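Working notes, structure below.
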Amino acid sequence: MPRPDPTANPPVHLGLDLSDAGAHPAAWRTVGSEARRLFDPERLVELVETAQRGALDFVLLDDAFALQPSRDTTLRGRLDAVLVAARLAPRSRGIGLVATVDTTHTEPFHVSKAIQTVDHASGGRAAWQVGWSTTDEVAAAFGRKPAQSEADAVAEADEAVEIVRRLWDSWEDDAEIRDVATHRFVDRSKLHYVDHDGIHFAVKGPSITPRSPQGQPPVVVRAQSPASLALAARHADVVRIRATSQSDAAARRAEVRAAAAEAGRDPGSLRVLVDALVVLGPDEASAQARLDLLQSLEGTRWETGSFAHVGTARGLAQLVQDWTETGAADGFTLRPASLHTDVAQIVDEVVPRLRAGGLFRSAYPGTTFRDTLNLRRPANRFSAAIA
Amino acid sequence: MTKGPRKQIHLGIHFPGVNSTTVWTDPRSGSQIDFASFEHLARRAEAAKLDFFFLAEGLRLREHKGLIHDLDVVGRPDTLPVLAALAAVTERLGLAGTISTTFNEPWELARQFATLDILSGGRAAWNLVTSPDAFTGANFRRGGFLPYAERYERAAELVEVARALWDSWDDDAVVADTEAGVFLRPGAVHPVEHHGRHFDVRGEFTTPRGPQGHPVLFQAGDSPEGRDFAARTADVIFSMHSTFEAGQAFYRDVATRLEAAGRPAGSLKILPATTVVLGDTDAEARERAREIRLQQVPGPTAIAFLEQVWGTDLTAYDPEGPLPDVEPDPQADGITRGRVRHVKDPRPVVAEWRARAAANGWSIRELVIEVTSRGSFVGTAQHVADELDRFVQADASDGFILVPHLTPGGLDDVLDRVVPLLQERGSFRTEYAGPTLRDHLGLARPATTRPRATDPERAAAALVG
């Protein structure tokens with residue numbers, strides 16, 4: 001596994017949210033949205049091809065067990081994000097594939113092998129965004145337990161992530177020996193029971209799936225509350241934060257890093273990315289006009305929850321430079337208002353400006369998502385414990 | 001001799017499993033994990049116009065004498081992501097996978113299969129199995145396991161809920177009318193409400209109805225309960241009856257059960273798993289088959305197999321020598337875990353094996369090779385093609401699921417040499433007739449089973465099992 005050269009990998013990370021038709025709920029109604037292809041995987045293949053032309057770090061596939069909130073005009077309907085990531089894997093190169101999977105109503109054993117399998121199928125480009133559910137609606141869809149508070153759901157997610165991470169290490173890298181002389185396919189001393197016996201789960205292990213190319217696929221956590229901040233500090237490789245300004249982002253990033261240090265981790269091993277809603281245009285007025293059109297179609301205010309850049313590609317490139325150079329962020333999760341309009345502009349107009357300034361890669365530094373994030377492939381906790 | 005068009009053979013291809021059929025000691029044996037192996041097999045199968053690719057599931061590594069069984073292939077990827085990835089590199093091939101009904105919930109499974117059907121353009125199939133044991137349950141939050149009698153009850157209820165969820169979106173639900181601002185046709189997504197013994201499920205499903213309506217359902221159980229369940233529920237039976245006579249008897253039995261379940265003849269396809277060994281002459285094929293069996297049953301595997309029956313450690317015995325002289329332990333249960341123990345009382349089995357070994361002069365290894373041999377077609381390509389066709393034309397099956405012994409190229413010769421002969425005689429397609437797996441198998445696309453009642457309370461009540 002080649003170690004990425006840090007000097008060849010500028011410290012800006014850019015992901016792209018490919019959920020729905022874009023981050024704005026009215027995006028599907030605009031010209032060119034190809035709304036009828038919303039569930040066509042080839043639409044996503046094309047978007048991923050564009051994103052990897054820009055050598056962006058990752059595409060993000062959101063998911064939930066409930067439909068988007070009901071409004072007659074709104075886009076509704078979801079596909080299983082892990083399977084979408086798997087569908088994209090053989091048709092993409094270099095780019096990370098981040099799939100959201102719930103932990104409140106799923107089994108960590110299934111989650112672990114699903115993400116591992118996307119990692120195998122993609123040659124080491126899978127990542128898991130940890131989800132959790134607190135609504136009555138999702139609880140009723142499973143009917144096994146009542147809705148949980150955020151604190152309880154995040155505590156359960158924390159336990160699930162710990163189990164998944166242990167399962168990912170439950171095979172040592174060289175467990176498969178194919179020793180013809182003794183007729184042993186594996187060296188079973190290199191397979192490990194995880195023997196988790198916790199509050200929400202008891203899982204024996206080992207995984208049925210051998211350790212994957214990244215060993216530990218990156219774990220992505222949205223830190224939007226004290227509970228989820230603590231989860232991110234303990235487990236996340238990539239932390240998504242929301243921020244309303246550069247100084248707000250700086251404060252939140254510092255908070256995440258302090259919490260990680262408190263949890264006994266090197267803050268330098270976390271990548272803190274700010275969610276940025278993006279509406280681009282050739283000038284500020286046209287970008288604003290695009291947003292106004294989207295707002296009028298939807299008929300309500302757009303609750304972005306984080307910073308929104310409504311303006312030019314040049315302005316977004318400048319913003320990325322300012323925020324990352326001052327340590328307000330390690331990068332951004334760009335959430336294009338309209339995928340069909342904004343993705344190409346990000347790749348063709350924002351990325352070249354960042355490259356010209358020496359701020360962004362022109363090619364992927366390695367083959368895996370960890371290489372792109374400049375995170376080393378971790379040693380296996382079980383073999384490390386023996387050594 | 002026959003009148004009318006020839007009965008068409010259906011062929012699936014099984015990715016090599018984690019059992020002693022798969023030979024990993026051969027120098028040509030490739031990775032069981034790398035996606036390239038799956039892609040190779042799937043692309044070759046599609047080039048030969050096969051009906052589907054099949055992938056089994058594992059939820060706990062097998063153990064033998066309290067240790068992870070290390071003599072066979074160990075480790076495999078997750079079923080559904082592999083199938084979704086294969087959808088990206090194939091265009092027509094059906095994509096079938098085993099998923100347990102015991103350690104999954106209907107809401108999640110239904111959306112995974114609806115997603116796979118959409119991502120593959122209508123090629124998804126679900127081989128529905130039940131998992132009996134607490135051994136497997138130790139990996140899951142619900143833990144434990146179900147009493148035998150409840151396994152099919154839960155499976156049947158799970159399928160019922162999954163079908164209600166698949167049917168809860170009308171086929172034309174997504175209109176995406178940008179001018180009018182209507183994404184979903186109003187009223188086209190019907191809330192589902194199910195309250196049963198095993199599941200309470202309520203809500204608006206998240207995922208559109210797939211191109212096939214429902215994925216094709218496979219079922220593999222062979223018990224009377226399993227056969228009845230298949231006759232009521234399945235589209236395909238993954239059968240183990242691979243000899244001609246047993247195949248015909250099974251076929252007749254299932255046909256009777258299908259009729260009793262009120263379903264039309266031909267709506268349930270019977271596909272036994274089988275292996276094929278080719279040679280330029282019949283003698284050469286038999287010699288190859290013999291070599292493969294020796295590769296599949298090395299000495300330690302033969303001993304481990306006997307230990308499953310004897311229920312005790314037999315490593316002191318020479319696999320090339322006579323059968324153990326100790327008596328089996330009828331109380332020893334579960335020396336091998338993670339696979340079903342078929343033998344209840346081992347003593348009659350052991351007595352019979354001793355008699356056969358003595359009569360034929362067999363060693364332990366030779367006996368195990370004999371008693372673990374399943375139906376296999378061995379001979380020249382012409383002979384094998386004749387035999388496959390004879391089975392199907394005489395209703396011993398509707399086709400086969402071909403199981404290679406090598407990963408990933410173990411069936412290349414069958415696809416290259418046997419399939420064209422079947423095509424020549426008009427028993428196997430030369431082009432896919434349609435885009436979906438249902439098209440390949442000649443299965444109707446299911447109508448929505450959701451009641452058309454306008455009163456939502458009545459509709460919900462009708463869904464309750």
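For all residues, glycine too, the Cβ spot is worked out from N, Cα and C.
Site annotation for FMN in TrEMBL covers A:Asp63, A:Ser225, and the matching candidate from A:Thr30, A:Thr100, A:Thr244 is A:Thr100.
Each of the binding-site residues A:Thr100, A:Ser225 was scored by the number of other CB atoms within 10 Å of its CB, and the largest score is that of A:Thr100.
Maximum C-alpha to C-alpha distance over the listed FMN-binding residues A:Asp63, A:Thr100, A:Ser225 is 20 Å. Long-range Cβ proximity for A:Asp63 (FMN binding site), meaning a same-chain Cβ under 8 A and a gap of 6 or more residues, is found for A:Arg78, A:Leu79, A:Asp80, A:Ala81, A:Val82, A:Ala99, A:Thr100, A:Val101, A:Asp102, A:Gly131.
Looking only at the domain 'Luciferase-like' (A:32-351), the predicted model's pLDDT averages out at 96.
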